[in-house]
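One structure is given below, encoded as structure tokens.
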Amino acid sequence: MSLRPEEISAIIKQQIERYEKPLEAADSGTVIQVGDGIARIYGLEKAMAGELLEFPGQVYGMVLNLEEDNIGCVILGPYTGIKEGDTVKRTGRIVEVPVGPELIGRVVNPLGQPLDGKGPINAKQFRPIESPAPGVIKRKSVHEPLQTGLKAIDAMVPIGRGQRELIIGDRQTGKTAVAVDTIINQKGQNVICIYVAIGQKASTVAGVVKTLEEHGAMDYTIVVSATASEPAPLLYIAPYAGCAMGEYFLYKGQHALCIYDDLSKQAVAYRELSLLLRRPPGREAYPGDVFYLHSRLLERAAKLSDEHGGGSLTALPIIETQAGDVSAYIPTNVISITDGQIFLESDLFFSGIRPAINAGISVSRVGGAAQIKAMKQVAGRLRLELAQYRELAAFAQFGSDLDKATQARLNRGQRLVEILKQDQYKPMVVEEQVAVIFAAVNGYLDDIAVADVLKFEEGFLKYLRTEKAEILKEIREKKALSDDLTARLKEAIGAFKKTFVA
């Protein structure tokens, strides 16, 4: 059977009529210059600031500069495969990261991609890395304590949920140790922790993750890692990505703690990007908006009002100083943004006082309202006595003949300094801190040798846990020292002192 030519023509016409080519309209541009993690692109006039762009080979970029005839874009990932003339597409989306409980226990990069080899993360939600901070009406003043487990901090520079407390000090003074101890102490407190490592050595980050795993802290922690080998754009977005992950829990009415370790390296990465994008340099060659870089990040930490769920996001930014210079550009910026600072000193660290907190210039501007009453009752005199001790110790170096009152004050001060020492990774619950500091400020340690103070503390706490557990239970539940409880605590200290043999 043969087909006639007109039948063939009719079949072809039918097929042509039915043919539908799916049209895909994409806004695309061309790379005109690339290098050092920066690309200049021509032809994307409608691009938005902060928009995600797609380069060939599944590499993404983020728009930072919008100029008359081209746009400046930072490349989030390996940029060696990108060349001039490549086509770049708009995605129409602002840079987002996966958020939600699926990330807990994982180590991810700033784009939310897993780095721990435990398989893909099937997050159901995404959040833009840049989002506006909650307004005044949505907030509530800080009033709940966030215990760090460190006696020196919880007594003298208390931190509340929703606060921003800066940890500042030279390199190797124990800044990360304070942050890691705080994470370990959140066990069982229903606080999700996000540790953001910016520009750290990969071995250091691996060490932190191992420590958290050993103490069971990875069950409620997300680690965002942008190591020193990553390109500057990833270091720049890492804190914002970590903050977005924390905000998910904040708006769900839960409590989150975000640690940025450290923001000095983020500022350096941002300076690098700004100079490459030909933005005018300012003081110390940082761009003019370096204050806004950190303020818009730290303002996202908040304690929400009950109408908005009552969630909280606490921020502990870390800043590294050079030779103890707190008055440099970035440290002063971040000090003015935060609600107080914990200043760690290398001199104290090397003299064996660890955590090496300088009580004189460490402050917490809002944490006092969050401190439990029992701690306020015992720690009120602690800061004053320590300050007097430091002043007298400086004078005592010049004269040997001191009157009895001065000598007694110096002796008390030495024991207070000793009692505030604490080993790493051994956070202490608040009721035990109250009992120990109570003994120190009320002079019960004055007749104990300085070398035996920590041994006394260990024995006394063991005695309280076994013989007088009801005292600790009452402090924990009532959160205040009544006259009756104070009398029983004094009695317990007296009873233990009789049995204590150094």
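Glycine is no exception: its Cβ is also placed from the backbone N, Cα and C atoms.
Not measured: the values here are computed from a predicted model.
What Swiss-Prot records for this protein:
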BINDING   G169, D170, R171, Q172, T173, G174, K175, T176  ATP binding site
SITE      S362  site 'Required for activity'
Assigned conformation of D170 (ATP binding site) - DSSP reduced to three states: coil
For the recorded positions Q172, T173, T176, S362, the one whose C-beta sees the most other C-beta atoms within 10 angstroms: T173
Cα-to-Cα gap, G169 (ATP binding site) vs S362 (site 'Required for activity'), nearest whole Å: 11
Cβ neighbour count (within 10 Å, all chains shown) around G174 (ATP binding site): 20
Helix, strand or coil at S362 (site 'Required for activity') [DSSP, three-state]: coil
Residues close to ATP site centre defined by G169, D170, R171, Q172, T173, G174, K175, T176, Cβ within 8 Å: E320, L344, S346, F349
Cβ-based isolation winner (fewest other Cβ atoms within 10 Å) among the binding-site residues R171, K175: R171
Nonlocal residues around D170 (ATP binding site), in sequence order (Cβ under 8 Å, 6 or more apart): E320, T321, Q322, A323, G324, L344, E345, S346
Local Cβ density at G169 (ATP binding site) - other Cβ atoms counted within 10 Å: 27
Cα-to-Cα gap, S362 (site 'Required for activity') vs K175 (ATP binding site), nearest whole Å: 13
